[in-house]
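Asks: Can you keep this structure in mind? I'll have questions shortly.
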Amino acid sequence: MSGWESYYKTEGDEEAEEEQEENLEASGDYKYSGRDSLIFLVDASKAMFESQSEDELTPFDMSIQCIQSVYISKIISSDRDLLAVVFYGTEKDKNSVNFKNIYVLQELDNPGAKRILELDQFKGQQGQKRFQDMMGHGSDYSLSEVLWVCANLFSDVQFKMSHKRIMLFTNEDNPHGNDSAKASRARTKAGDLRDTGIFLDLMHLKKPGGFDISLFYRDIISIAEDEDLRVHFEESSKLEDLLRKVRAKETRKRALSRLKLKLNKDIVISVGIYNLVQKALKPPPIKLYRETNEPVKTKTRTFNTSTGGLLLPSDTKRSQIYGSRQIILEKEETEELKRFDDPGLMLMGFKPLVLLKKHHYLRPSLFVYPEESLVIGSSTLFSALLIKCLEKEVAALCRYTPRRNIPPYFVALVPQEEELDDQKIQVTPPGFQLVFLPFADDKRKMPFTEKIMATPEQVGKMKAIVEKLRFTYRSDSFENPVLQQHFRNLEALALDLMEPEQAVDLTLPKVEAMNKRLGSLVDEFKELVYPPDYNPEGKVTKRKHDNEGSGSKRPKVEYSEEELKTHISKGTLGKFTVPMLKEACRAYGLKSGLKKQELLEALTKHFQD
């Protein structure tokens with residue numbers, strides 16, 4: 001009997017997606033709670049097209065290249081997010097409310113190759129001329145009207161949005177210096193946007209005499225409490241500086257789930273679970289229709305094998321053979337079997353940090369931070385708990401249930417103290433590292449071959465080699481070369497480039513530099529460790545383990561018909577292992593699948609008939 005989880009499910013169905021998102025939010029699931037939406041608001045006045053030297057890019061060129069970089073990264077990481085490009089300070093206008101000097105180039109939609117190519121036509125000298133012919137330059141704009149147009153773009157979107165942001169690119173620090181009424185309306189409109197959950201980020205560019213943010217934009221932009229203020233107040237003079245600033249603002253902190261931490265029956269606080277490190281993977285392949293090259297939507301239907309009729313979810317049930325009887329389970333019963341506990345963290349006790357060993361590591365840890373959305377006052381109690389755990393050097397042991405249908409984990413909440421750099425900027429946030437603890441079956445005894453201990457002289461020589469090869473390691477300095485080349489190939493296909501850009505493999509060792517540093521240490525180490533006649537390129541003879549015989553094979557196990565019938569009648573056939581069941585099916589010429597349940601059904605049906 002088949003399951004019912006995917007009845008009439010259509011992948012890509014937007015209505016189903018919205019319903020699924022609401023259900024996942026209610027259950028504390030990991031799935032996203034909506035789409036990110038981002039509007040690039042670019043100043044198109046004449047000053048943005050003037051560079052301070054011939055070798056430098058114009059502020060407008062830097063802005064366009066930054067926007068293209070975000071488009072490409074969004075296509076790779078989250079292609080369901082919504083992006084838009086709006087120019088203000090243009091001679092011509094194009095917007096839904098017919099405001100002057102505002103040109104909406106791209107409305108909020110998914111990023112794609114066509115949009116990147118559309119931006120590409122405005123780069124360089126030829127792009128500047130094309131922009132002049134297509135839109136022109138104007139100065140009689142109102143920033144409040146510009147923000148109004150952006151707010152309308154957000155309101156026209158039918159999807160559920162988790163974050164709504166505007167990135168403003170400009171090199172004009174006082175746009176309404178001669179018109180206090182326009183400046184006042186702009187400040188009011190920016191406050192209205194902030195109240196409705198729309199955040200405005202300033203990407204200010206270098207101008208002659210410097211960019212003074214206090215003249216106007218200090219009251220306009222939105223700054224979170226935990227944000228790096230240097231990112232806001234540093235003006236960008238180079239493309240690398242602007243890219244760094246945009247990347248710092250592009251990614252929003254998104255909780256994997258928001259759960260309740262139960263300290264006891266009466267005291268509950270709400271926390272957010274965050275994933276600080278995520279392994280980068282290739283995106284999954286998408287099935288396309290051969291004739292039109294459009295994505296294929298998968299639909300699942302269940303039919304009766306005897307009549308060919310369509311089965312509804314109420315027509316099917318789950319079954320399990322136990323004790324020679326077929327046990328029928330209803331849908332509610334199977335769901336109840338999967339449900340162990342409500343999503344959340346249950347405090348079980350405290351243990352000293354010294355009891356947490358390195359070999360207890362199972363998987364990357366998560367990060368726990370207080371949330372005020374579910375329980376008001378959680379931050380205060382969370383902070384008190386963190387301080388006491390740091391003082392007493394203990395970890396909180398908890399039972400962690402991430403979702404309703406997931407078995408609970410035993411975890412240790414390891415306290416983490418806040419760290420600041422020399423300029424009092426937060427480097428490490430305060431909170432708890434959620435460390436997954438192993439179960440008994442996760443700990444195994446691994447057979448180790450007997451090793452020959454190194455002599456003190458050999459150890460000393462290796463220490464000297466390691467000391468020579470030391471360098472400052474930064475994880476963000478090394479990229480996965482396979483992934484980088486994969487994305488460059490996709491970029492070349494999407495943008496119709498002649499050939500993809502070759503990715504540099506930064507993981508390869510710098511052999512020449514290493515040899516120069518080590519000098520004669522390598523040869524000295526070889527003389528100490530390896531015998532004189534050692535050939536590193538020679539074939540190594542594989543040693544056989546003591547328990548391995550010379551060509552001995554596992555004998556086949558045969559079962560008599562009476563023995564199998566006895567087990568079937570007593571309902572003990574399920575005690576047989578899968579290899580034993582396969583051998584029995586093979587002996588009687590029975591065709592069956594690879595699963596144990598299918599093997600049991602084949603043997604039972606054969607002997608009962």
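Residue numbers in this text run from 1 along the chain shown.
Even glycines carry a Cβ here, placed using N, Cα and C.
Note that this is a predicted model, so its numbers are computed, not measured.
Positions annotated as active site, schiff-base intermediate with DNA by Swiss-Prot, on the basis of a curator's inference: Lys31. The compositional bias 'Acidic residues' annotation in Swiss-Prot covers 12-24. Positions annotated as SUMO2 cross-link by Swiss-Prot: Lys287, Lys317, Lys556. According to Swiss-Prot, the feature domain 'Ku' maps to 261-468. The N-acetylserine annotation in Swiss-Prot covers Ser2. Summarising the annotation, Swiss-Prot assigns phosphoserine to Ser2, Ser51, Ser550 (among others). Per Swiss-Prot, N6-acetyllysine is recorded for Lys31, Lys317, Lys331, Lys542, Lys544, Lys556 (among others). Taken from Swiss-Prot, the feature phosphothreonine applies to Thr455. Look at Swiss-Prot and you will find Lys570 tagged as N6,N6,N6-trimethyllysine, backed by experimental evidence. Residues or ranges marked as region 'DNA-binding' by Swiss-Prot: 277-341.
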Asks: Provide the number of Cβ atoms within 10 Å of the Cβ of Lys331 (N6-acetyllysine), excluding the reference atom itself.
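Replies: I get 15 for this one.
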Asks: Give me the CA-CA distance between Ser51 (phosphoserine) and Lys287 (SUMO2 cross-link), in Å, as a whole number.
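Replies: Pair distance, Cα basis, whole Å: 47 Å.
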Asks: Within a 10 Å radius around the Cβ, which one of these recorded positions has the most neighbouring Cβ atoms: Lys287, Lys317, Lys570?
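Replies: Selected residue: Lys317.
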Asks: Tally of helix, strand and coil residues over the region 'DNA-binding' (277-341) according to DSSP?
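Replies: Secondary-structure breakdown of the region 'DNA-binding' (277-341): 11 helix, 15 strand, 39 coil.
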Asks: Express the predicted model's confidence over the domain 'Ku' (261-468) as a mean pLDDT, rounded to an integer.
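Replies: Averaged over the domain 'Ku' (261-468), per-residue pLDDT gives 88.
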Asks: What is the interatomic distance between the Cα atoms of Lys287 (SUMO2 cross-link) and Lys570 (N6,N6,N6-trimethyllysine), given in whole Å?
Replies: 48
Asks: Which of the recorded positions listed here (Lys317, Thr455, Lys570) have a Cα atom within 10 Å of the Cα of Lys331 (N6-acetyllysine)?
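Replies: The recorded positions close to Lys331 (N6-acetyllysine) (Cα within 10 Å), listed in sequence order, are Lys317.
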Asks: Taking DSSP three-state, what's Ser51 (phosphoserine) in: helix, strand or coil?
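Replies: It is coil.
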Asks: Around the residue listed as 'phosphothreonine', which residues of its chain at least 6 apart sit with Cβ under 8 Å of its Cβ?
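Replies: Set apart from the residue listed as 'phosphothreonine' by at least 6 residues yet with Cβ under 8 Å, we have Leu528.
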